[in-house]
Amino acid sequence: MRCVTSFVVLCILMFLVVNNVKVDVKAQRRKPVCKLTGVLNPGKCPTAIHDASNLCSRKLASPNMTFKRCDCQNTEWRGKDHYQCTCYIKLPCNQ
């Protein structure tokens with residue numbers, strides 16, 4: 001009887017340890033992102049990634065923000081081509 005009880009307690013402890021480690025790993029993978037999304041602009045994104053990033057940086061530029069990265073996404077709205085910029089701000093976000 002003691003052997004069965006010890007086995008059950010060991011299984012419960014192992015479950016708790018494995019579950020706790022799994023939660024900690026997920027928390028480390030998720031990093032806070034501060035992103036700023038612009039409005040739809042008529043036209044298309046440039047084909048070169050560097051040109052698209054520069055275009056979006058200029059569109060969303062402000063004197064008190066520096067962007068770590070900008071992405072340009074082509075969309076279609078009301079049958080016409082548009083693009084939308086998303087820029088990621090360097091941490092901390094409130095500066």
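Glycine is treated like the rest: Cβ placed from N, Cα and C.
The record in Swiss-Prot lists a disulphide bond between Cys45 and one of Cys34, Cys56, Cys70, Cys72, namely Cys72. Per Swiss-Prot, the cysteine from Cys34, Cys85 that shares a disulfide bond with Cys56 is Cys85.
The DSSP secondary structure for Cys85 (disulfide bond) is strand. In terms of Cα distance, the disulfide-bonded residues that sit within 10 Å of Cys34 (disulfide bond) are Cys87, chosen from Cys45, Cys72, Cys87.
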